[in-house]
């Protein structure tokens with residue numbers, strides 16, 4: 001493996017540089033710019049004092065997410081989904097994943113009849129936008145919950161645990177952590193993993209792009225992901241100090 | 001675990017009865033009714049002698065899938081997506097999964113510049129409609145490829161391997177195989193696994209509905225899924241004799 | 001007329017074989033598979049305990065219908081209307097016809113403030129899908145009404161009369177009953193007739209595809225249709241014995 | 001029947017006053033304002049030198065129709081379909097009927113590879129808007145064909161025959177001709193009939209609104225319609241003199 | 001400037017002939033046909049006894065406008081927006097302008113919790129359809145308010161002032177009033193001005209189509225517009241006598 | 001006027017602090033973050049080597065613009081237009097204005113058959129987002145044109161002049177420059193002005209929100225705007241040094 005080089009020059013188990021900026025925009029209750037290498041996502045958490053129909057009357061709250069990409073976040077300009085009049089299947093899949101992942105981070109029963117709306121908007125894309133969105137959105141949700149406590153609307157935190165996400169894949173036969181765009185485009189297997197601060201698994205989504213993968217490869221990928229997520233959660237903790 | 005009972009009365013590692021009927025409708029090149037317990041899906045494979053823009057000129061073929069549910073396939077009537085004017089995020093997620101899974105079964109480079117359209121329409125739902133769709137669609141695609149050979153349009157088969165899928169989950173703390181609706185609704189973790197006839201993994205999608213799950217639980221679920229898929233592929237082989 | 005042959009080989013006044021299967025799927029209050037030759041339609045009747053805005057407060061009930069075709073119900077695959085994002089004019093015309101026809105079969109004033117939703121989904125098409133839908137949906141509605149009685153929600157039946165439908169047309173100059181696809185495609189005049197069990201006319205829709213037709217031809221077609229509908233209603237009665 | 005009064009005060013077999021104004025707007029190749037009593041429709045025929053995909057290359061032409069209502073053409077303001085983002089089922093049904101009816105009036109094979117677009121826009125509605133549209137659109141199409149001849153693009157007329165339409169219905173038990181809105185709203189059976197100048201039937205669409213109707217009633221309605229259409233065609237001929 | 005000729009032959013400061021017909025259609029509370037040269041627009045004002053969500057409970061009323069063009073109002077047939085499924089940006093811009101302009105004419109606080117819906121439908125277009133719509137809609141709104149007074153629903157008028165509009169532009173270097181289509185298509189600068197009966201400005205929208213324009217040119221255009229609007233308001237007053 | 005205070009504390013003729021960051025994201029040919037006080041907009045210019053249908057074959061190029069707002073760019077979260085499935089009238093109006101304004105800055109005839117797509121995405125809103133978009137987009141377009149020159153695709157610049165925009169309004173009776181959100185919400189008259197580097201007017205859009213405004217007030221507002229735009233163009237020039 002001495003001759004193995006990732007396009008990024010990183011070691012197989014090496015994350016990209018991550019930077020989390022809190023209070024990035026001024027209106028949202030939680031607002032974060034998350035940067036994973038060249039991938040940059042604005043994650044906001046907005047509090048609304050109402051809940052969707054399906055939880056109304058239950059006393060519990062709700063959390064939902066939307067995801068978008070600026071048309072020129074990518075190498076070539078993509079269609080603006082608002083202009084085309086509908087969100088792609090990919091967009092819907094991603095925002096459903098973000099919502100599920102963050103609902104696992106919050107004790108909705110104690111949130112009260114209110115909704116936290118997460119918006120993840122990619123302003124620059126270089127692979128891993130959905131996992132960066134989850135990692136950043138966790139901080140935005142945390143800040144929105146802190147705001148609710150400061151406002152006297154919640155007696156104590158409703159955050160159950162950290163939640164962060166990373167992608168892993170098999171690149172030229174080698175399991176690698178945190179794929180950037182160049183690696184992702186040329187990858188046999190791509191897996192997104194979402195985990196908690198106590199090594200609980202929230203979501204595993206692995207897809208063989210070309211050849212099927214084996215149980216052994218799956219195990220290697222999960223090991224890499226777990227180590228990466230531990231570092232990401234460390235970054236989240238650092239950001240909360242700021 | 002002596003007092004453990006699944007609502008279906010099945011043992012934890014027991015599949016539902018499966019029945020695959022080929023040539024179910026008369027117009028499609030491949031047409032299959034797949035029944036997994038009370039879940040019934042019509043899977044057709046239609047051949048079109050053109051390819052979408054993104055593969056045009058490459059000499060290769062394409063395979064794509066659509067999924068739908070009759071409005072009253074379920075306990076309470078759902079909206080008809082055609083009347084509502086759009087497909088739900090869930091529908092799009094499922095049809096993307098079916099398409100990816102079956103593309104792994106076919107050597108697209110050898111298919112020629114033609115498209116196989118899969119349609120999976122659920123006429124009765126009792127859990128596991130997406131995995132039943134994949135298992136049934138494989139047979140429909142197989143039959144469409146046989147038809148192409150018989151028509152003299154393909155010199156030999158382009159099927160690379162069997163592909164089948166099953167759901168597994170943790171029901172009341174116990175890993176179980178092939179969840180029906182009652183079990184799925186009351187389940188902590190739900191995972192869909194798609195594998196080939198040679199134990200290669202095509203797709204793993206596991207979601208913690210309530211509590212996060214551990215690596216050990218993930219391993220147990222994958223073991224169950226692998227055993228179940230082996231049986232499903234046995235059923236596919238049986239159906240091809242008919 | 002000795003040299004006259006219908007593609008189907010049937011006599012001009014001969015119906016296709018009809019088969020009505022009740023309780024075809026398990027969730028709907030009424031669920032019927034109706035087969036008219038190779039045309040196969042799943043007709044379900046679903047009961048909802050609410051009414052649309054325009055009858056709210058009147059004490060009366062409502063009945064409405066939706067119609068769809070699986071994409072590969074036909075010789076060549078058609079677009080999935082849910083994917084295209086709208087129902088065609090043809091689909092809307094057909095579902096409005098089914099709704100009007102079945103409303104004539106039910107005493108809505110006595111139904112109470114509830115709605116019967118009919119869904120007619122064509123799984124295999126060979127001409128006459130809208131008339132088969134009406135004939136089959138009548139049985140599904142009947143079964144849903146029986147279910148309401150058995151549930152104690154209705155004191156007695158609200159069915160006013162049988163309703164069935166058939167197509168007639170002028171094929172190569174000869175009035176014929178119950179056109180299949182081959183006949184329909186090559187037909188000068190096409191008429192759909194909906195009648196009750198007591199020879200009352202609910203709907204007549206006749207269209208000259210090529211040459212206009214005369215009053216005499218119209219009369220011949222109506223005679224054929226009336227005889228055909230009497231047989232179809234006989235089949236409905238038989239099915240209710242099962 | 002001496003005590004029978006129609007709300008309009010007309011005799012059962014009496015048409016409303018009809019007025020046809022040619023060259024009503026200046027841009028269209030054919031432009032007609034048709035007034036049937038208080039129902040007023042602008043019918044234009046526009047020529048385009050191309051044909052839709054399904055006739056391309058056949059050498060034949062095409063004719064298609066669209067229909068709309070100004071939002072306040074009616075007693076209470078209706079939604080603007082352009083604002084709502086879709087045409088109602090009723091609108092689609094009507095425009096399909098207008099298109100079919102006028103295609104029967106034109107020898108499309110001789111029209112050449114061009115399309116005549118009919119637009120029928122109701123500026124004031126008082127019942128019978130679809131039949132007035134057909135009667136008026138025939139004159140607009142005639143004028144567009146004359147324009148093609150004058151332009152040297154057609155050697156001779158391609159009009160095959162007159163086509164006009166009228167509604168008939170059973171009002172308080174009596175068959176009446178040409179229903180206005182008050183009569184239509186309170187009518188048991190409503191039938192629209194489209195016929196040619198030589199008494200050929202193009203389309204018959206009869207619907208029992210309340211009670212089913214009998215063959216005898218159907219015959220009476222068809223007699224009324226035929227007499228009415230003869231008068232309408234007389235009005236078309238008069239208009240062509242102007 | 002002796003050799004300057006407008007295509008219309010009018011002097012630079014000359015309006016087209018204007019004609020305002022009140023009570024043009026019979027159902028609307030206010031209904032006006034406004035003709036500015038060959039531009040003809042039906043403007044109706046409809047009263048609804050409810051208000052949109054954003055003014056509910058305020059005691060005030062609301063006024064909103066919609067705009068449309070018959071497909072063949074123009075030289076070549078345009079798409080029907082209802083068929084295409086959405087209104088163009090141009091249509092939305094125009095109807096927002098009409099709404100804002102007429103809201104300035106009405107004391108909404110005194111209108112009570114009701115809405116006036118304006119519909120402006122162009123039946124023939126020859127330039128200046130949006131300004132003709134505003135000038136005509138003012139009369140329709142006036143008549144709807146008079147109707148409310150006559151019905152006893154308003155104690156006195158809520159009209160604050162006249163409002164009318166005109167376009168001005170720089171045609172071949174010369175500022176001209178009231179552009180028709182030929183002039184508008186060949187014009188460097190195009191400005192729409194909306195003013196009250198007391199020379200107050202409601203809206204100014206000036207756009208350089210080719211070269212930017214100067215402050216001096218802007219001043220000349222505003223002078224022309226003011227003079228033109230005074231004449232238009234004179235015509236409105238005349239119409240109210242009829 | 002000694003007691004006059006703008007909420008922002010600025011003098012009537014004082015702009016907000018403006019900051020222009022070039023090369024803000026890495027993929028676009030021109031990418032700018034423009035900050036006018038708390039209003040922050042990402043403006044990108046993307047080059048595509050094709051033109052829309054209406055200029056095809058003319059040898060000239062095209063420039064078009066799209067505009068969007070992140071859902072939580074504002075005080076309360078707005079709907080995501082991509083999720084709602086259509087762009088609002090306001091959005092369409094703004095993107096049409098941006099497109100027109102920037103087309104005036106570029107010699108399209110010399111651009112060649114290519115399109116410059118501008119995307120203006122507001123990440124934080126505090127009034128004046130459309131004018132900030134124009135001012136920032138000019139720099140992005142400039143940079144995209146420089147890129148084309150550097151790539152050897154254009155021999156020389158096709159920029160005709162600077163273009164910048166500002167809002168002005170009458171706040172509590174006093175004409176003020178560059179309204180922020182608090183001022184805009186409480187303003188009688190609101191005008192957006194777009195001008196070139198040589199004091200040519202591209203667009204003037206003035207609207208009376210409450211009372212109509214006079215010619216004198218209009219003149220004062222235009223004076224303020226002209227002075228403000230001169231400063232903004234000075235900032236553009238500064239940014240080009242960086």
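Going from the start of the chain as shown, residues are counted 1 onward.
Cβ atoms are placed via backbone N, Cα and C, with glycine included.
TrEMBL annotations:
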| type | residues | note |
| --- | --- | --- |
| BINDING | E:90, E:128, E:129, E:130 | phosphate binding site |
| DOMAIN | E:14-144 | domain 'Exoribonuclease phosphorolytic' |
| DOMAIN | E:163-227 | domain 'Exoribonuclease phosphorolytic' |
For the binding-site residues listed here (E:90, E:130), tell me which residue's CB has the most neighbouring CB atoms inside 10 Å.
E:130
Where residue E:129 (phosphate binding site) sits in the secondary structure, as DSSP reduces it to three classes:
helix
Phosphate binding residues E:90, E:128, E:129, E:130: largest Cα-Cα distance, in Å and rounded to whole number:
13
Taken over the domain 'Exoribonuclease phosphorolytic' (E:163-227), the model's mean pLDDT:
95
Sequence gap of 6 or more, Cβ distance under 8 Å: name the residues on the same chain that satisfy this around residue E:128 (phosphate binding site), in order along the sequence.
E:16, E:36, E:39, E:166, E:167, E:178, E:179, E:180, E:184
Residues with Cβ closer than 8 Å to the Cβ of residue E:129 (phosphate binding site), same chain and 6+ apart in sequence?
E:39, E:41, E:69, E:94, E:120, E:122
Using DSSP, what's the helix, strand and coil tally for the domain 'Exoribonuclease phosphorolytic' (E:14-144)?
42 helix, 41 strand, 48 coil
Suppose the phosphate site is E:90, E:128, E:129, E:130. Which further residues of the same chain have a Cβ inside 8 angstroms of that site's Cβ centroid?
E:67, E:94, E:122, E:125, E:127, E:131, E:132, E:133
Counting each residue once, how many in the domain 'Exoribonuclease phosphorolytic' (E:163-227) are helix, strand and coil under DSSP?
18 helix, 30 strand, 17 coil
